[in-house]
Number of protein chains: 2
Amino acid sequence: MSLYITELGEFGLIERIQEGCLVEPKRVIKGIGDDAAVLPYHPGYLLLVSTDMLVENIHFTCETATPWEIGYKAVAVNVSDIAAMAGVPGEIVISIGLPPQAKVEFVDELYQGIKECCRSFGINIIGGDTVASPKAIVINITILGKVETEKVLYRSTARPGDLLLVTGDLGGSAAGLDLLLDPRPLNAELANQLKKRHLRPLPRVKEARVATEIPGLTAADDISDGLATEIREVAKASNVGALIYAERIPLSPGLKEVAEVYGKSPLDYALFGGEDFELLWTCRPEAAERISQEVKRVCGTPVTVIGEIVPPEEGLKLLYQGQKIPLPAGGYNHFKP
Amino acid sequence: MSLYITELGEFGLIERIQEGCLVEPKRVIKGIGDDAAVLPYHPGYLLLVSTDMLVENIHFTCETATPWEIGYKAVAVNVSDIAAMAGVPGEIVISIGLPPQAKVEFVDELYQGIKECCRSFGINIIGGDTVASPKAIVINITILGKVETEKVLYRSTARPGDLLLVTGDLGGSAAGLDLLLDPRPLNAELANQLKKRHLRPLPRVKEARVATEIPGLTAADDISDGLATEIREVAKASNVGALIYAERIPLSPGLKEVAEVYGKSPLDYALFGGEDFELLWTCRPEAAERISQEVKRVCGTPVTVIGEIVPPEEGLKLLYQGQKIPLPAGGYNHFKP
């Protein structure tokens, strides 16, 4: 009687691992279960810690991304975790596993991408590990960030009556991935824009810093595994339900054209596509307008109300063409076939 | 004209990567180039950060180590980096890449080993990432630790006239690895002891904490890639030379017997074997006696004088059978054929 991990899925596995992780719980403010762990830091500040592993042919392929793009994105996905907590990224350590036949040029370009993303966000590379990995390139980055004690945002603090907000637009990254993996004829400028969206995400650090200045923001998550999955995570962590206004979800420019070419629905891209690295926020209803205005004014990034938090017994629903339907499952889940 | 990374080797690659890593150098006390990075922390303390990636069939094999042992050691090697800086280990994040056909039992046992090592050193597991890695298991751990500002030990602060010290004994781990990879007849108890030495290293956290209380300790490194490599690293970082008294290097019990069985020299195991995870210290000559006595008294661990730091122009020498010979190259180096 032995189970395979595919039968548990990524999230089942994480739940199984969690028990007994804290031996000195007093030293930890938030452990496993949010975008970053939260520890005490110097007075007035919290230390944020997050880690992400990228494996060749799972998270990226050398056929569809340049070494520069792989490096850039490896940092960006970590920065997004700090943005989710409303923090400021600080330092990273990078472990990299490379096949012995890798070329020095490849490594140089990879690090140029890594360093470019670091420069954009004022991040220092303070250490790492460089090892042989004969069968696949593996990149692991751990990021440290900080946030003022009163500004940190968790997944678990959404309340019924809150509104659901998203920054920017959704679905573009998944559409870009389709264009990379299975190129089909499309306006070249549009195609490039969407591919860039997938390969060079822009973590919303500044947007979160602006929003967290405004009283009334209650919870946050970054949209890495798809909007539906992230709403599910916030709802589970906060013990609430959610009603999502399907027609109000901001779709990435060109998403309808791509969806038509690939015979998909734009809403599927936006709900389940993943890797947009936008932020999902919840806020008290009276704060929504001001948050949107301020983020738009300072950063130029639109913020859209896409739903509301409801009591847990109402579950997760999508308001679609006037009907409330259960939020379909979907989104990226490692190990789940 | 393109180079392969094997032509640069691990250390050449690290040097190549280093440029431009610090964009906000004022925030960093020590970046790349020691066992852990050092950052400011709360008043009186420094934050230590280190990361290690372990790849299946490079750092471990499922044929020679149980999942428990793989997990235990993955934590221990990180703890040893904190011990090298004379710090106290604190929190870890764990990224793990697993083939979809991995069994839940395997993951359970792996985490039992991880958690056992964490419990021994009071370490909290505060987060991680769990991803698919079809071709090889990959484990990356990043550890945070702390150390009092006045107690931190670097690689780069050894001075001519200092003595070289090591904790415990050397060569046992490499001998244990030979016994695991190519079993040959040997006293069973001895064989098990050496195999355990390889599979379940004991990082010298307590020893370093005791030693760093005593004035006169000047530099430190943990012995992960072999004594010769670590002395080379300390000498390079400190811009000094070293003279190693070959006959005084403390050999692990049973090393001579194993060396005979495998047709090797016990000294080769001790100098080039690696993974002993003992500590290499340098100290002012007048402090050596007291450091040895205190560490022995409090921890029961012997500390042995094995050489001295000399001016850089004298280079790295081994005093062997009354002759000073250049320290041979050797030790583990990823990518170097």
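Glycine too: its Cβ is placed from the backbone N, Cα and C atoms.
Summarising the annotation, TrEMBL assigns Mg(2+) 3 binding site to B:D35, B:D81, B:D222. Among the features that TrEMBL reports, Mg(2+) 4 binding site is placed at B:D35, B:S50, B:D81. According to TrEMBL, the feature Mg(2+) 1 binding site maps to B:T51, B:D52, B:D129. Residues or ranges marked as Mg(2+) 2 binding site in TrEMBL: B:D52, B:D81. Annotated substrate binding site per TrEMBL: B:H59, B:E275, B:Y332, in sequence order. The ATP binding site feature in TrEMBL is assigned to B:Y111, B:G128, B:D129, B:R155, B:S224. Positions annotated as Mg(2+) 5 binding site by TrEMBL: B:D225. Positions annotated as domain 'PurM-like N-terminal' by TrEMBL: B:33-147. TrEMBL lists B:159-312 with the feature domain 'PurM-like C-terminal'.
Between the C-alpha atoms of B:D81 (Mg(2+) 3 binding site) and B:D52 (Mg(2+) 1 binding site), the distance comes to 9 Å.
Summarised by DSSP class, the composition of the domain 'PurM-like N-terminal' (B:33-147) is 36 helix, 48 strand, 31 coil.
In sequence order, the binding-site residues near chain A (CB to CB under 8 A) are B:S50, B:Y111, out of B:S50, B:D81, B:Y111, B:S224. B:D222 (Mg(2+) 3 binding site) has B:E275 nearby among the binding-site residues B:S50, B:G128, B:E275, counting only those with a Cα within 10 angstroms of its own Cα.
In the three-state DSSP assignment, the secondary structure recorded for B:D222 (Mg(2+) 3 binding site) is strand.
Mean predicted confidence for the domain 'PurM-like C-terminal' (B:159-312): the pLDDT average there is 96.
The highest number of surrounding Cβ atoms within 10 Å, among the binding-site residues B:S50, B:T51, B:S224, is found at B:S50.
Checked against B:D129 (Mg(2+) 1 binding site), the binding-site residues B:D35, B:S224, B:D225 differ in C-alpha distance, with B:D35 being the nearest. If you check the binding-site residues B:D52, B:H59, B:D225, B:E275 against B:R155 (ATP binding site), none has a Cα inside 10 Å of its Cα. Cβ neighbours within 10 Å of B:D225 (Mg(2+) 5 binding site), excluding its own Cβ and spanning all shown chains: 22.
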